[in-house]
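Everything below concerns the one structure shown next.
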Amino acid sequence: MTPPGAPPHAVRQPFELLMRARDWVWWRPLLGLLLFIVVYGVASLAVLLVSAVTGLVPDLALLELTDPGVLLVTNISLIVAIPIVWLCWYVTHGMRTGWSSSVLGRLRWRLLLPWTWRALITLGVAVVLGLVIGLVATDVEATGFTDSFGWLLLVVLLTTPLQAAAEEYVFRGYLTQAIAGWVGRPRAGAVVAAVVTAALFSAAHVPPDLETFLYRFAIGLAFSAVVWLTGGLEAAIVLHAVNNVVIFVLAGALGEQVASADPGGAIGWLTTLLGIAGMAGFVAAVALARGRLRTELLSDALELPPAPAGPAWGPPAGGPGPWGQSAWAAAPPPWGAPQAGWAPTGGPGWGPPAGPGWGPPSAPSWGPPSAAAWGPPAGPSPGTGQPQDWARPPAP
């Protein structure tokens, strides 16, 4: 059992294997995923019902994300996943919720700002260039700021980073750690988890075509890469948040038609590759800066001494067997020295006879009494009728 305040790991673990604590069992992640599906389904349904009752979103089928109300409800329905992931860690693993964030068991706030400006320089610039290319290559015209741009900007800045964090806690957090935990090997687990979660991440966004699926698959791989490089979710959260914030702000400033314009053909693949290049640039920037920023890659660990063995049944190990001499048989009994026979002799107790073990006593104990005790004295036997010295009464 882990003492209070001690690290839950016997050996230092990377982020992907943080679930493999001392009490690791394969079914814990499975139970956690089932718990997440049930609780998140109920929570997201409650968010949609509240929004419909309050009239925040008059039409639940409305997909115009430049509408502040629609974006707010969408983001909240995703943000609720964060405390549900924490619940899964606490209930099914019995561990601190901070192990869902990094190898330190908490979110490393000091890393958010350095990763943010690097993400803006790499991916942010790539997203802007992609939108400009799409605008030039299509007949879509920029309509300018939307009527509710102020509210949209407020919702984007306050809730979109949390929405991005929620997706990372689910895909690069709990799901990645569950898959890697089942694999059990650091690098193999990280690779398998990265591929599986990238595919699920792309599919969850319902891509309309192969190009969009591959683009979001590449985004998922980039998120997993920076998690592996830094030992936590901070860089992935920042990269995801910058991508979404830039897209929504530009959509509100230029019109959603510009942000969603798909030039198709070679131009479409060009914008896709440009976005992937921006992701790759951020991954390279993280790889170069992680040493300078001292990003921790392994958790703390404490190897506890083994629990003392309880009393064993039977003779101690090392004896020749129940029929031979053993350590407990050779030791004097607690009731006193061993006696010469089974009959009481006035000694301190009824101890067993001395001998090599629990077998029958030696021959003299079972035969007739010795001559010295019951027969005539040693020497030649007297003749018939001769007085017996041993039979005479003692002299007065």
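Start at 1 and count along the chain as shown; that gives each residue its number.
In case you wondered, yes, glycine gets a Cβ from its N, Cα and C as well.
Any TrEMBL annotation is an automated prediction that lacks curation.
Same-chain residues lying 6+ beyond the ends of the transmembrane segment (30-57) with a Cβ under 8 Å from its Cβ atoms: 69-70, 72-73, 76-77, 80-81, 84-85, 87-89, 91-93, 170, 174-175, 178. What TrEMBL lists as transmembrane segment is 30-57 (among others).
Annotation source TrEMBL lists transmembrane segment at 69-91 (among others).
Summarising the annotation, TrEMBL assigns transmembrane segment to 112-137 (among others).
Within its own chain, the transmembrane segment (149-166) is flanked in space by residues 66-68, 71-72, 74-76, 78-82, 233, 237, 240-241, 243-245, 248-249, 252-253, which lie at least six positions past its ends and keep a Cβ under 8 Å from the stretch. Summarising the annotation, TrEMBL assigns transmembrane segment to 149-166 (among others).
Marked as domain 'CAAX prenyl protease 2/Lysostaphin resistance protein A-like' by TrEMBL: 151-246.
Feature annotation from TrEMBL assigns transmembrane segment to 187-207 (among others).
The feature transmembrane segment is assigned by TrEMBL to 213-230 (among others).
Nonlocal intrachain contacts for the transmembrane segment (237-254), taken as residues 6+ away from its ends with a CB within less than 8 angstroms of a stretch CB, comprise 65-66, 71, 112, 115-116, 119-120, 123-124, 127-128, 131, 135, 142-146, 149, 152-153, 156-157, 160-161, 163-165, 167-168, 219, 222-223, 226, 260, 279, 282. For 237-254 (among others), the entry in TrEMBL reads transmembrane segment.
The transmembrane segment feature in TrEMBL is assigned to 266-289 (among others). Long-range contacts of the transmembrane segment (266-289) within the same chain: residues 114-115, 118-119, 121-127, 129-130, 133-134, 137, 211, 214-215, 218-219, 222, 225-226, 229-230, 235, 239, each at least 6 residues beyond the stretch ends and with a Cβ under 8 Å from a Cβ of the stretch.
The feature compositional bias 'Pro residues' is assigned by TrEMBL to 309-319 (among others).
If you look up TrEMBL, you'll see 309-396 marked as region 'Disordered'.
The compositional bias 'Pro residues' annotation in TrEMBL covers 350-367 (among others).
Annotated compositional bias 'Low complexity' per TrEMBL: 368-387, in sequence order.
DSSP states for the domain 'CAAX prenyl protease 2/Lysostaphin resistance protein A-like' (151-246), grouped as helix (H, G, I), strand (E, B) and coil, give 86 helix, 1 strand, 9 coil.
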